[in-house]
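Visitor: Below you will find the structure I want to go over with you.
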Amino acid sequence: MLDQLSPVAPARVRVVLLPIGQIKRARFLSFVERLRPENVVQLGDISPDGRPHRNGAELDRVPYRGNNRRSVNGNGPPKPEHNLRELYQDLEDVRDRYPKGLVHQLLLFDYVHASSAGSLPEGLIPVPPPAECRRTTMKTIMCDISSLLLAEMTTLAKSLQALNTIESPNQSQLNRQYNGTAWQLGQAEMASRRNSQYSLPGSNSRSGSPAGSTDRSHVRMSMPAQLRSADSNSSTPSARPSTPNNGLQSELPTTFDQIVGSNSVDARNSQRTIPARLANAESVRDTSRDRVPVQGFGPGSVSERSRNIGKGRIGIVIGSLYLQAGRWMDALKELTEAGTIAKYNLDHLWHAKALDYILVSMLMLAWTGMDFQIPQICYASAEKAPQSSTPGEPKGLTSSRLVSLQNLTLLLPELLDRILNLYARSANNTGESLPQFPYSESAIRFSKLLTVIHLAGGALDDDVLQLLVVATPFKKRPNILPPRLNIRPTRTEIIATLFRAFPASSSPEFISLVDRTIVLSGIASILGLLGYYRKKAMVMRELVSVLIPGLVQARIKGAAEMGVHPAAGLAALNSVNGHTNGASALDLGEGDVENGVDTFLGLLSQTYGVVTSAGNPGQNEAQNDSNEAAIMRIMENATVRLFGGQNLKLDVLRSCINLSEALPDFHGVLRFTADLLRTAGSGVAPGPRSDDASPSMTREEQVRLATNISRTLAAARPLGVKDLAAEYWDEFLTNPFIYNPFLRTPDNAAVDHLLVADEGAVFRVTLQNPYEFDVEIESIKLESEGAEFESSIQKTVIGPYRTQILTISGTPKTSGQLKITGCIIRIRGCRERRFPIFEEPWSPQSAVKIKTIGVASLFKPKDRPTSTDSKALTTAPAMVPPKAVSLGLNVIDRQPVVVVKSSTLSQSAIMVLEGERRTFYITLQNLSPNTPVDLLLFSFKDSTQAPLQTALSNRDASPAELYEYELIFARKQALRWAPKNGEKPYIAPGGISTFELELLGKPGLTNATVQIDYACLGVSHNDIQDKFHTRQVSLPLTVTVNASIELARMDVLPLTGHIPRSLWAKTSTEDGDDKITPEDYCLLLLDLRNAWPSSLNVHLNIAGGGSIEEEVLPGKTSRIMFPIPRMFLEDSCAAIPALDPSRQRQFVVSTGRVSADTERTSREAFWYREEILKILHGAWSTKNEPVRKGEIELRGIRLSQRMIEAVKIDDIGIDIFVGGGLPGDFEHFVLTDNFAELKVKISNRMTGPIYPLLRIQPSLRSQSHNASLDLTRKLVWNGILQQSLPPIPGKESIEVSIGMTAHCRGEFEVSASIEEARLHDPLHEEGNKEGTARPRANTRTMMDAVLGTKERRIWHSREPCLIVVKDEESSDDDDD
């Protein structure tokens, strides 16, 4: 539809396209598109009318514009059962409905008329299908219709010449039209013109339609002015025949061109006010029409002035016909003459109309590129007119089109203002006041003309003319943001002119509802072009307030006509007419409502900063619901929320809802109700400590809006309204942030969510509703990407102001990577859409740097791209967008399902004794009929693991304690699988398998769980390259562990002197006591207590073949003593190892502040304890049935320093004996005064050498310390008792001999000690060998820090050498 408020609208011919028959809208629009390219017709292409006396004159090749207005239901071919006569009758009905139309034609699209069928009735034009149409077919049809139009315009001009005058449109006429008594004469003449156009043989002309026609256009003040004939008293005009009946046909002008006359130019001068053609027309009038009163006759009389006014008005109307016929130069001349008459006779209204048409004529001439001159009538005074515009100067000689355009541009503001002032001055004349709508229409047209010139920079050029005439937009969009103070006309002047069009009164008698709507819409359109968005919003809001009462009244009227209740009348009427959005409330087309009312209300909402949806829910285009689009909507909504006043936004939306309800427009009601809820909402994802997320409206209004949505859906359902859905008002519907202060953030990289193909899984979706009413979810399902996935559909109701958890099941169909990206949800009254997943709380942060304020923040263009030279400038984003997440899943191939079918344990409970091992069996069944189980992994959990884990995590535990914990945790598990020889875990599809498990009784064991991980790999275990996934089945057990044999106490004692034979009898050793010496053995004492109420047999095994058997009575403690070999350790201070690979380090020391001596003692105790445990093994068994047996836990032994000294063998061995004896002999006999040789054997058991310093200490036996050292005259020796010895290499020994002589009898004890003369430094020696000292790791420093600085050591002989000195005589006596 072309703009009816265009500045050149008077130069256009209005064409209304209507359908005949029930035709779909799409087909009708296709026919309109075939006609649209030919809406401009060249006058030179039009053939003369073939009817008698209808030949057109020679016309210029100047086009005219047609104003196409679509109808309500569409256009297209009629129903197949319609014949041509019925079609002609339909055409007659259209003529009755639109009697003011000059031409009524019926186009038969896709119809080929056969020549044998005869001629078609008049008014029916066949249009062949597109395949049979030539390039000029449609153009020829439009030219033929244009020829008829020009002929009818000729008839109309003749009828105008027969009139004395034309009444001016005024408000009283409008009131009479509302009362149904106006336009009778005009309708009769229109009917006569129709009859003159088509006169069938033998038929009389039909009378015009009644004055009370239902055509709404009858009361429109934008229609042509009412015509008044000389016989104005006639109330029932008769139809005029096709030709005049006065017998003077030859003297009448027969064409529109003949009205002007060939000598009109010569006859036209400044002194003549009546054109010659009008005088000729008056000669054929009825004599009764020429009767005038004699009184007051003559120049300057009242009658003469009235006749001149009438002639001037008729000339202006004829000039408007020239304007619409495309003869703009003739129109300019005719309008100039008629306007001059109106000016001199003070006919202000018609004077202004003549100036208006003159301006349009000049614009059309300028658009065609023709030269023109501005008439002198356009200037307020002759002094302001250019010199070249004098009447006597020939036209076109000195004038130039560019000069004329420039002069017209300068003249326009004054000319337009003068026209509006003349309209206003016309109110001073009685009955000559211009109604509000034509006045407002003219003011809007003038303002639009000034606006286009202003946007073009103040110049009236070809681009401006193209935009005005053919609506060709500017090549470059004007920038209206900066001030345009130097451009004339200024925006202030345009606004002053525009607001003169604003209706002063809202009374229906002053201006109709439709006219007021058109005026306000035109004002708002121009304000938008000028960039005054706030003023535009105010006008649009005024428009909404105007429409609502009118629509309510239309509802009541429509209900009264249909005989239904007013609340449903208009809705039912819309349903009958096929409308779903209130099109008939304003008598508009379906497309007009879709592209008008919805767009208008949407623009109004946007101007006020309403948080609205991106698109119209009623559109068929798919909405973009991707993560990026959703985040963009959230950011845009957050930006819009910061703009404007909240209360004002809500008021505007309430007005939009009221307007939609008044139409009624069901889509609009839902849309703006959702926008109201969205605008009132906070638009945040609430967090644990965020602000209140509740909407900024009362609970009652929220409930009312929710009820309004339900009521609208209920009202639309019986009417068959389809695709009725709004946009949901909360983007954060799914997965809001749920705060848990005790929940640690999981490591997403380590989490691997697994699903199995063709097996269901359950998902938990959290939904939020920050509003105070229930939200009914009709359907919700999961959206996925990747592997094929089938989600179940759930429905629920979210309560007011809460978060709610909903479980949704789904089944993956194939293996691969699966990603859950969101939920597809349909809320009642809203369209089904996708919602992303937001897990983190989010709230908008206002921008610190403000770049734009006011309405410009909404309508500003996109930011310019950043140049490459501005890399150093970094600005923080004004608002951080929310982050949408997805749930990544890994779908594996189909896997078997295994269950525990049975076990040999009664009720999965068992009782054992400490150290006892019991076996039981479990039977597994594979429920999968097709998938076998080829991988079975057994793992176990028990109640002792948690305390062990706690103890292992204790940072204060010593290395020895940690070793014990790890040993029990790793090597003394409570449960283990005991596979048979060659047994491979496998369960056939649908089969069963039995497995043997073993349970160990441990202190603290109360419950255990058998966990079996299984899978179907399909390949050998050695061929597995990638990671695989298993399932798990478990069997919980209840365990009772009772005490058996407990280690109560232990001790280690050294052996000295002779060892009784009975001690070795218990060990059952095969070796005799000849090889046993106190130097090689020590005595171990164990106190074993029987805590079981039955006797238990204890069996101790000793490395080397010894064993001890003993029975321990119930509740009794038995002490067992037996010798064990003493032990030598190469490095008794070695670091305590760690069984856990994660704790294995080069140096493991005790935590805390521990001295070096304590650390050495702890390590020695650990290693000697380990050596003792290696040679001991204890077991117990019951004597009675049932037979039970188990192991004795001996790791409870602890060694003190005294026990360590008893069990260990020193690094340096010192043996003292007398020549002739053997090392290790208890006694050595020496004679007095005889020479003897004392030998000391030093053995180095270490691997490294030693630098010894030997000290020999002889003393008297059984004497006090001071007396024992007094050896004067008792014992003499040859040499010194303290001497330095050469280095002794590792694993070697040396002997040192000293001569001695005893002078008296007695018993002497000789002890010896070895002290390191200096420390052995292997690094220093190695450096000397290589010749250069190379840097090494600072191992010595670290060792010194742990065990203290290494010092010189000293070793003493374990037992002194006993020398018994006898006299030789006594020796002989003894021998005897």
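Going from the start of the chain as shown, residues are counted 1 onward.
Cβ atoms here come from the backbone N, Cα and C positions, even for glycine.
Heads up, here are the entries from TrEMBL:
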COMPBIAS  48-63  compositional bias 'Basic and acidic residues'
COMPBIAS  65-76  compositional bias 'Low complexity'
COMPBIAS  193-214  compositional bias 'Polar residues'
COMPBIAS  229-252  compositional bias 'Polar residues'
COMPBIAS  283-292  compositional bias 'Basic and acidic residues'
DOMAIN    5-55  domain 'Trs120/TRAPPC9 N-terminal'
DOMAIN    81-378  domain 'Trs120/TRAPPC9 N-terminal'
DOMAIN    408-719  domain 'Trs120/TRAPPC9 TPR region'
DOMAIN    734-893  domain 'Trs120/TRAPPC9 first Ig-like'
DOMAIN    1045-1207  domain 'Trs120/TRAPPC9 third Ig-like'
DOMAIN    1230-1365  domain 'Trs120/TRAPPC9 fourth Ig-like'
REGION    46-82  region 'Disordered'
REGION    190-252  region 'Disordered'
REGION    281-304  region 'Disordered'
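What's the neighbourhood like for each of these?
Guide: In the predicted structure, the domain 'Trs120/TRAPPC9 third Ig-like' (1045-1207) carries a mean pLDDT of 83.
Residues of the domain 'Trs120/TRAPPC9 fourth Ig-like' (1230-1365) grouped by DSSP class, helix first, strand second and coil last, total 22 helix, 62 strand, 52 coil.
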Visitor: With CB pairs under 8 Å as the measure, which of the listed stretches 5-55, 408-719, 1230-1365 comes out on top against the domain 'Trs120/TRAPPC9 third Ig-like' (1045-1207)?
Guide: 1230-1365
Visitor: For the domain 'Trs120/TRAPPC9 N-terminal' (5-55), give the DSSP counts of helix residues, strand residues and coil residues.
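Guide: Within the domain 'Trs120/TRAPPC9 N-terminal' (5-55) the tally stands at 20 helix, 8 strand, 23 coil.
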Visitor: Taking contact to mean 3 or more CB pairs closer than 8 A (sequence separation of 6 or more), are the domain 'Trs120/TRAPPC9 TPR region' (408-719) and the domain 'Trs120/TRAPPC9 fourth Ig-like' (1230-1365) in contact?
Guide: no
